[in-house]
(Lines of atoms letter the chains of each structure in order from A and count residues from 1; the text may use other names and numbers.)
(Lines give C-alpha, C1' and ligand atoms only; values in the text may rest on other atoms or scores of the structure.)
Protein backbone atom coordinates (compact mmCIF):
# COMPACT_ATOMS: atom_id res chain seq x y z
CA UNK A 1 0.00 0.00 0.00
CA UNK A 2 1.77 1.97 0.53
CA UNK A 3 1.11 4.14 -0.92
CA UNK A 4 4.86 3.68 -0.45
CA UNK A 5 6.03 12.98 -1.87
CA UNK A 6 5.34 15.98 0.16
CA UNK A 7 7.07 18.47 2.35
CA UNK A 8 10.16 17.62 4.32
CA UNK A 9 10.04 18.77 7.90
CA UNK A 10 13.38 19.61 9.41
CA UNK A 11 14.36 20.11 13.01
CA UNK A 12 17.67 20.46 14.73
CA UNK A 13 19.05 17.03 15.48
CA UNK A 14 18.79 16.10 19.13
CA UNK A 15 16.68 19.13 20.06
CA UNK A 16 13.76 16.90 20.95
CA UNK A 17 13.89 13.11 20.86
CA UNK A 18 10.15 12.93 20.21
CA UNK A 19 10.18 15.06 17.11
CA UNK A 20 11.98 13.91 14.02
CA UNK A 21 11.97 15.01 10.40
CA UNK A 22 9.48 13.24 8.19
CA UNK A 23 9.31 13.44 4.40
CA UNK A 24 5.89 12.36 3.24
CA UNK A 25 5.93 9.47 0.81
CA UNK A 26 2.50 7.61 0.55
CA UNK A 27 2.86 6.57 4.21
CA UNK A 28 5.11 9.46 5.45
CA UNK A 29 8.67 8.49 6.19
CA UNK A 30 11.29 9.48 8.74
CA UNK A 31 14.73 10.11 7.28
CA UNK A 32 17.76 9.98 9.49
CA UNK A 33 21.48 10.10 8.94
CA UNK A 34 22.24 7.58 11.69
CA UNK A 35 22.44 4.59 9.43
CA UNK A 36 24.43 5.78 6.42
CA UNK A 37 26.88 3.18 5.11
CA UNK A 38 30.06 3.27 7.13
CA UNK A 39 28.41 4.92 10.14
CA UNK A 40 27.64 3.29 13.43
CA UNK A 41 24.42 1.25 13.25
CA UNK A 42 21.48 3.06 14.88
CA UNK A 43 19.82 2.11 18.14
CA UNK A 44 17.31 0.06 16.14
CA UNK A 45 20.00 -2.42 15.01
CA UNK A 46 18.94 -5.04 17.63
CA UNK A 47 15.58 -5.09 15.80
CA UNK A 48 17.39 -5.79 12.51
CA UNK A 49 19.48 -8.42 14.28
CA UNK A 50 16.29 -10.39 14.89
CA UNK A 51 16.24 -10.99 11.14
CA UNK A 52 20.02 -11.04 10.64
CA UNK A 53 21.42 -12.61 13.83
CA UNK A 54 24.73 -13.56 12.18
CA UNK A 55 25.46 -9.85 11.57
CA UNK A 56 25.87 -9.26 15.29
CA UNK A 57 29.45 -10.57 15.07
CA UNK A 58 30.48 -7.53 13.06
CA UNK A 59 32.00 -4.54 14.80
CA UNK A 60 29.78 -1.54 15.40
CA UNK A 61 31.76 0.51 12.89
CA UNK A 62 32.23 -2.27 10.35
CA UNK A 63 31.53 -1.12 6.82
CA UNK A 64 30.34 -4.60 5.79
CA UNK A 65 27.64 -4.60 8.47
CA UNK A 66 26.13 -1.39 7.15
CA UNK A 67 26.31 -2.52 3.54
CA UNK A 68 24.79 -5.93 4.19
CA UNK A 69 22.04 -4.50 6.39
CA UNK A 70 21.16 -1.84 3.82
CA UNK A 71 21.15 -4.42 1.01
CA UNK A 72 18.86 -6.68 3.02
CA UNK A 73 16.46 -3.83 3.78
CA UNK A 74 16.31 -2.74 0.14
CA UNK A 75 15.66 -6.33 -0.90
CA UNK A 76 12.89 -6.61 1.69
CA UNK A 77 11.42 -3.34 0.41
CA UNK A 78 11.27 -4.67 -3.15
CA UNK A 79 9.86 -8.00 -1.98
CA UNK A 80 7.12 -6.44 0.15
CA UNK A 81 6.06 -3.80 -2.39
CA UNK A 82 5.86 -6.20 -5.31
CA UNK A 83 4.55 -9.01 -3.13
CA UNK A 84 1.55 -7.09 -1.80
CA UNK A 85 0.60 -6.04 -5.34
CA UNK A 86 0.71 -9.61 -6.60
CA UNK A 87 -1.12 -10.98 -3.56
CA UNK A 88 -3.85 -8.36 -3.84
CA UNK A 89 -4.24 -9.09 -7.55
CA UNK A 90 -4.38 -12.84 -6.92
CA UNK A 91 -6.94 -12.60 -4.11
CA UNK A 92 -9.21 -10.02 -5.71
CA UNK A 93 -9.07 -11.14 -9.33
CA UNK A 94 -7.76 -14.70 -9.70
CA UNK A 95 -8.80 -16.38 -6.44
CA UNK A 96 -12.18 -14.67 -6.46
CA UNK A 97 -12.15 -13.02 -3.02
CA UNK A 98 -13.94 -9.90 -4.28
CA UNK A 99 -14.06 -7.83 -1.10
CA UNK A 100 -11.53 -4.98 -1.50
CA UNK A 101 -12.94 -2.90 1.37
CA UNK A 102 -12.80 -5.76 3.84
CA UNK A 103 -9.33 -6.68 2.61
CA UNK A 104 -8.18 -3.11 3.24
CA UNK A 105 -9.73 -3.22 6.72
CA UNK A 106 -7.73 -6.38 7.49
CA UNK A 107 -4.61 -4.53 6.38
CA UNK A 108 -5.40 -1.69 8.79
CA UNK A 109 -6.04 -4.04 11.73
CA UNK A 110 -2.72 -5.79 11.18
CA UNK A 111 -0.94 -2.46 10.71
CA UNK A 112 -2.33 -1.37 14.09
CA UNK A 113 -1.00 -4.46 15.83
CA UNK A 114 2.37 -4.54 14.08
CA UNK A 115 2.92 -0.79 14.49
CA UNK A 116 2.21 -0.97 18.21
CA UNK A 117 4.72 -3.82 18.52
CA UNK A 118 7.37 -1.97 16.49
CA UNK A 119 7.03 1.26 18.48
CA UNK A 120 6.18 0.05 21.98
CA UNK A 121 7.96 -3.32 22.10
CA UNK A 122 10.91 -3.16 19.67
CA UNK A 123 11.25 0.62 20.22
CA UNK A 124 12.12 1.13 16.57
CA UNK A 125 11.39 4.83 17.06
CA UNK A 126 10.62 6.90 20.17
CA UNK A 127 6.97 6.77 21.19
CA UNK A 128 5.10 10.00 20.39
CA UNK A 129 1.71 10.68 21.94
CA UNK A 130 -1.29 12.51 20.53
CA UNK A 131 -1.17 15.79 22.41
CA UNK A 132 -4.62 17.26 21.78
CA UNK A 133 -8.09 16.63 20.42
CA UNK A 134 -7.48 18.86 17.36
CA UNK A 135 -4.41 16.79 16.51
CA UNK A 136 -6.48 13.61 16.78
CA UNK A 137 -9.08 15.09 14.41
CA UNK A 138 -6.33 15.94 11.92
CA UNK A 139 -5.03 12.37 12.07
CA UNK A 140 -8.60 11.15 11.49
CA UNK A 141 -8.87 13.37 8.41
CA UNK A 142 -5.64 11.89 7.05
CA UNK A 143 -6.97 8.40 7.82
CA UNK A 144 -10.09 9.09 5.73
CA UNK A 145 -7.99 10.15 2.73
CA UNK A 146 -5.72 7.16 3.25
CA UNK A 147 -8.72 4.79 3.33
CA UNK A 148 -10.05 6.24 0.11
CA UNK A 149 -6.69 5.82 -1.63
CA UNK A 150 -6.04 2.24 -0.51
CA UNK A 151 -9.59 1.02 -1.14
CA UNK A 152 -9.54 2.51 -4.64
CA UNK A 153 -6.14 0.95 -5.31
CA UNK A 154 -7.27 -2.50 -4.19
CA UNK A 155 -10.54 -2.20 -6.12
CA UNK A 156 -8.70 -1.31 -9.32
CA UNK A 157 -6.79 -4.59 -9.12
CA UNK A 158 -10.07 -6.44 -9.66
CA UNK A 159 -10.35 -4.91 -13.12
CA UNK A 160 -6.86 -3.94 -14.27
CA UNK A 161 -3.61 -5.87 -14.69
CA UNK A 162 -0.81 -4.97 -12.28
CA UNK A 163 1.30 -3.58 -15.11
CA UNK A 164 -1.31 -0.99 -16.06
CA UNK A 165 -2.06 -0.28 -12.39
CA UNK A 166 1.61 0.59 -11.87
CA UNK A 167 1.67 2.78 -14.96
CA UNK A 168 -1.21 4.85 -13.59
CA UNK A 169 0.35 4.95 -10.13
CA UNK A 170 3.51 6.45 -11.60
CA UNK A 171 1.57 9.67 -12.29
CA UNK A 172 1.53 10.55 -8.57
CA UNK A 173 3.96 13.50 -9.07
CA UNK A 174 1.46 15.11 -11.46
CA UNK A 175 -1.33 15.05 -8.87
CA UNK A 176 1.04 16.20 -6.12
CA UNK A 177 2.02 19.25 -8.18
CA UNK A 178 -1.64 20.01 -8.96
CA UNK A 179 -2.83 19.73 -5.35
CA UNK A 180 0.14 21.76 -4.10
CA UNK A 181 -0.82 24.53 -6.51
CA UNK A 182 -4.57 24.42 -5.80
CA UNK A 183 -4.47 23.95 -2.02
CA UNK A 184 -1.25 25.64 -0.88
CA UNK A 185 -0.70 27.95 -3.89
CA UNK A 186 2.85 26.59 -4.06
CA UNK A 187 4.28 27.10 -7.54
CA UNK A 188 7.07 24.97 -8.91
CA UNK A 189 9.59 26.18 -11.47
CA UNK A 190 8.74 26.01 -15.15
CA UNK A 191 11.22 23.16 -15.61
CA UNK A 192 9.46 21.05 -12.98
CA UNK A 193 6.09 21.53 -14.66
CA UNK A 194 7.65 20.78 -18.05
CA UNK A 195 8.84 17.37 -16.83
CA UNK A 196 5.23 16.42 -16.09
CA UNK A 197 4.42 16.41 -19.82
CA UNK A 198 6.03 13.01 -20.53
CA UNK A 199 4.30 11.65 -17.42
CA UNK A 200 0.90 12.51 -18.92
CA UNK A 201 1.81 11.65 -22.52
CA UNK A 202 3.09 8.23 -21.43
CA UNK A 203 -0.04 7.30 -19.51
CA UNK A 204 -2.26 8.42 -22.40
CA UNK A 205 -0.33 6.14 -24.76
CA UNK A 206 -0.45 3.27 -22.29
CA UNK A 207 -4.21 3.72 -21.75
CA UNK A 208 -5.03 3.80 -25.45
CA UNK A 209 -2.97 0.65 -26.03
CA UNK A 210 -4.02 -1.39 -22.97
CA UNK A 211 -5.70 -4.64 -24.16
CA UNK A 212 -7.49 -5.12 -20.79
CA UNK A 213 -8.56 -1.51 -20.32
CA UNK A 214 -11.57 -1.17 -18.01
CA UNK A 215 -13.10 2.27 -17.52
CA UNK A 216 -14.24 1.80 -13.92
CA UNK A 217 -10.94 0.18 -12.96
CA UNK A 218 -9.07 3.04 -14.62
CA UNK A 219 -11.12 5.69 -12.77
CA UNK A 220 -10.70 4.14 -9.32
CA UNK A 221 -6.96 3.66 -9.96
CA UNK A 222 -6.67 7.34 -10.86
CA UNK A 223 -8.62 8.09 -7.67
CA UNK A 224 -6.16 6.02 -5.66
CA UNK A 225 -3.19 7.85 -7.20
CA UNK A 226 -4.78 11.24 -6.58
CA UNK A 227 -5.60 10.20 -3.00
CA UNK A 228 -1.97 9.40 -2.26
CA UNK A 229 -0.91 12.79 -3.57
CA UNK A 230 -3.68 14.58 -1.68
CA UNK A 231 -2.72 12.90 1.59
CA UNK A 232 0.89 14.07 1.30
CA UNK A 233 -0.20 17.65 0.61
CA UNK A 234 -2.89 17.72 3.32
CA UNK A 235 -0.48 16.31 5.90
CA UNK A 236 1.85 19.20 5.17
CA UNK A 237 -1.01 21.56 6.04
CA UNK A 238 -2.48 19.80 9.08
CA UNK A 239 0.55 18.63 11.05
CA UNK A 240 2.56 21.84 10.87
CA UNK A 241 3.50 22.73 14.43
CA UNK A 242 6.43 21.10 16.23
CA UNK A 243 4.04 19.63 18.82
CA UNK A 244 2.02 17.87 16.10
CA UNK A 245 4.77 16.38 13.93
CA UNK A 246 4.76 12.59 14.01
CA UNK A 247 7.26 10.26 12.41
CA UNK A 248 5.90 7.67 10.01
CA UNK A 249 5.81 4.75 12.43
CA UNK A 250 3.86 6.64 15.09
CA UNK A 251 1.54 8.17 12.51
CA UNK A 252 0.78 4.73 11.08
CA UNK A 253 0.14 3.40 14.59
CA UNK A 254 -2.49 6.09 15.22
CA UNK A 255 -3.99 6.15 11.71
CA UNK A 256 -4.51 2.41 11.30
CA UNK A 257 -7.15 1.78 13.99
CA UNK A 258 -9.05 4.91 12.94
CA UNK A 259 -8.97 3.73 9.32
CA UNK A 260 -10.17 0.25 10.32
CA UNK A 261 -13.07 1.78 12.27
CA UNK A 262 -14.04 3.86 9.23
CA UNK A 263 -13.94 0.86 6.90
CA UNK A 264 -16.02 -1.48 9.08
CA UNK A 265 -19.45 0.13 8.40
CA UNK A 266 -18.53 0.56 4.72
CA UNK A 267 -17.71 -3.10 4.23
CA UNK A 268 -20.91 -4.16 6.03
CA UNK A 269 -23.01 -1.77 3.97
CA UNK A 270 -21.45 -2.45 0.56
CA UNK A 271 -20.08 -5.98 0.79
CA UNK A 272 -22.75 -7.51 3.03
CA UNK A 273 -22.21 -10.17 5.70
CA UNK A 274 -18.53 -10.44 4.97
CA UNK A 275 -17.75 -12.50 8.09
CA UNK A 276 -20.11 -15.29 7.03
CA UNK A 277 -18.86 -15.17 3.44
CA UNK A 278 -15.23 -15.38 4.53
CA UNK A 279 -15.99 -18.22 6.96
CA UNK A 280 -17.78 -20.16 4.23
CA UNK A 281 -14.91 -19.67 1.79
CA UNK A 282 -12.37 -20.64 4.47
CA UNK A 283 -14.32 -23.81 5.24
CA UNK A 284 -14.08 -24.78 1.58
CA UNK A 285 -10.43 -23.74 1.28
CA UNK A 286 -8.53 -23.26 4.58
CA UNK A 287 -5.66 -21.71 2.61
CA UNK A 288 -7.73 -18.51 2.40
CA UNK A 289 -6.88 -17.66 6.01
CA UNK A 290 -3.18 -18.13 5.25
CA UNK A 291 -3.52 -15.93 2.17
CA UNK A 292 -5.21 -13.17 4.18
CA UNK A 293 -2.64 -13.36 6.97
CA UNK A 294 0.28 -13.27 4.53
CA UNK A 295 -1.32 -10.46 2.55
CA UNK A 296 -1.88 -8.27 5.62
CA UNK A 297 1.61 -8.98 6.98
CA UNK A 298 3.29 -8.09 3.70
CA UNK A 299 1.13 -4.94 3.52
CA UNK A 300 2.59 -3.83 6.84
CA UNK A 301 6.10 -4.68 5.71
CA UNK A 302 5.65 -2.18 2.87
CA UNK A 303 5.34 0.60 5.45
CA UNK A 304 8.10 -0.74 7.70
CA UNK A 305 10.61 -1.14 4.87
CA UNK A 306 9.69 2.29 3.46
CA UNK A 307 10.76 3.73 6.79
CA UNK A 308 13.91 1.61 7.06
CA UNK A 309 15.10 2.26 3.49
CA UNK A 310 14.84 6.00 4.04
CA UNK A 311 16.54 5.73 7.43
CA UNK A 312 19.45 3.73 6.03
CA UNK A 313 19.78 5.67 2.78
CA UNK A 314 17.75 8.79 1.93
CA UNK A 315 14.34 9.90 0.70
CA UNK A 316 15.86 10.50 -2.75
CA UNK A 317 17.11 6.91 -2.88
CA UNK A 318 13.60 5.72 -2.06
CA UNK A 319 12.23 7.73 -4.98
CA UNK A 320 14.77 6.17 -7.35
CA UNK A 321 13.99 2.69 -6.05
CA UNK A 322 10.29 3.43 -6.44
CA UNK A 323 10.72 4.24 -10.12
CA UNK A 324 12.52 0.95 -10.67
CA UNK A 325 9.96 -0.92 -8.55
CA UNK A 326 7.07 0.10 -10.79
CA UNK A 327 8.84 -1.30 -13.85
CA UNK A 328 9.93 -4.51 -12.09
CA UNK A 329 6.42 -5.09 -10.68
CA UNK A 330 4.93 -4.67 -14.15
CA UNK A 331 7.38 -7.15 -15.70
CA UNK A 332 6.95 -9.72 -12.91
CA UNK A 333 3.16 -9.50 -13.08
CA UNK A 334 3.18 -10.08 -16.85
CA UNK A 335 5.24 -13.24 -16.38
CA UNK A 336 3.05 -14.51 -13.52
CA UNK A 337 -0.45 -13.60 -14.73
CA UNK A 338 0.30 -13.73 -18.47
CA UNK A 339 -1.78 -10.62 -19.18
CA UNK A 340 -1.38 -9.37 -22.76
CA UNK A 341 0.74 -6.29 -23.39
CA UNK A 342 1.47 -4.21 -26.46
CA UNK A 343 4.63 -2.52 -27.62
CA UNK A 344 2.87 0.85 -27.56
CA UNK A 345 1.60 0.22 -24.04
CA UNK A 346 5.05 -0.64 -22.72
CA UNK A 347 6.47 2.35 -24.56
CA UNK A 348 3.93 4.61 -22.88
CA UNK A 349 4.80 3.11 -19.49
CA UNK A 350 8.48 3.72 -20.18
CA UNK A 351 7.82 7.34 -21.15
CA UNK A 352 5.88 7.86 -17.91
CA UNK A 353 8.71 6.41 -15.80
CA UNK A 354 11.21 8.56 -17.70
CA UNK A 355 9.07 11.62 -16.95
CA UNK A 356 8.98 10.74 -13.25
CA UNK A 357 12.78 10.46 -13.21
CA UNK A 358 13.07 13.88 -14.89
CA UNK A 359 10.57 15.30 -12.39
CA UNK A 360 12.56 13.99 -9.41
CA UNK A 361 15.79 15.45 -10.81
CA UNK A 362 14.14 18.81 -11.55
CA UNK A 363 12.68 18.95 -8.04
CA UNK A 364 16.08 18.19 -6.54
CA UNK A 365 17.78 20.91 -8.58
CA UNK A 366 15.00 23.36 -7.70
CA UNK A 367 15.45 22.71 -3.98
CA UNK A 368 19.23 23.09 -4.23
CA UNK A 369 18.82 26.33 -6.15
CA UNK A 370 16.34 27.79 -3.67
CA UNK A 371 18.45 26.70 -0.69
CA UNK A 372 21.71 28.20 -1.99
CA UNK A 373 22.43 31.58 -0.39
CA UNK A 374 22.17 34.54 -2.71
CA UNK A 375 25.27 36.61 -3.17
CA UNK A 376 25.18 39.89 -1.24
CA UNK A 377 24.77 43.06 -3.25
CA UNK A 378 27.90 45.02 -4.07
CA UNK A 379 28.40 48.09 -1.89
CA UNK A 380 30.81 50.98 -2.58
CA UNK A 381 32.77 52.47 0.29
CA UNK A 382 33.24 56.21 0.43
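We count from 1, first residue shown onward.
Cβ from N, Cα, C; glycine included.
Under the heading compositional bias 'Polar residues', TrEMBL lists 8-18.
Positions annotated as domain 'Sugar phosphate transporter' by TrEMBL: 70-360.
The region 'Disordered' annotation in TrEMBL covers 1-40.
Taken from TrEMBL, the feature transmembrane segment covers 65-87 (among others).
Sequence annotations record features per position, and here TrEMBL assigns transmembrane segment to 99-119 (among others). Residues of the same chain lying 6 or more positions beyond the ends of the transmembrane segment (99-119) and with a Cβ under 8 Å from any Cβ of it are 1, 47, 88, 91-92, 125, 127, 147, 150-151, 154-155, 157-158, 249-250, 252-253, 256-257, 259-260, 263-264, 266-267, 270-271, 274, 277-278, 292, 295-297, 299-300, 303-304.
Annotated transmembrane segment per TrEMBL: 139-157 (among others), in sequence order. Cβ atoms under 8 Å from those of the transmembrane segment (139-157) belong to residues 1, 3, 85, 88-89, 92-93, 100-101, 103-104, 107-108, 130, 165, 168-169, 217-218, 220-221, 223-228, 230-231, 234-235, 238, 246, 251, 254-255, 258-259, 262-263, 266 of the same chain, restricted to positions at least 6 beyond its ends.
Annotation source TrEMBL lists transmembrane segment at 163-183 (among others).
The transmembrane segment annotation in TrEMBL covers 251-270 (among others).
Taken from TrEMBL, the feature transmembrane segment applies to 290-309 (among others).
For the transmembrane segment (316-337), same-chain residues at least 6 beyond its ends with a Cβ under 8 Å from one of its own Cβ atoms are 5, 25, 29, 74, 77-78, 81-82, 85-86, 89, 94, 161-163, 166-167, 169-170, 306, 309-310, 349-350, 353, 356-357, 360, 364. For 316-337 (among others), the entry in TrEMBL reads transmembrane segment.
Sequence-remote contacts of a segment are chain residues at least 6 beyond its ends whose Cβ falls under 8 Å from one of its Cβ atoms, and for the transmembrane segment (343-360) they are 163-164, 166-167, 170-171, 173, 192, 195-211, 316, 319-320, 323, 326-327, 330. The feature transmembrane segment is assigned by TrEMBL to 343-360 (among others).
The average pLDDT computed for the domain 'Sugar phosphate transporter' (70-360) is 93.
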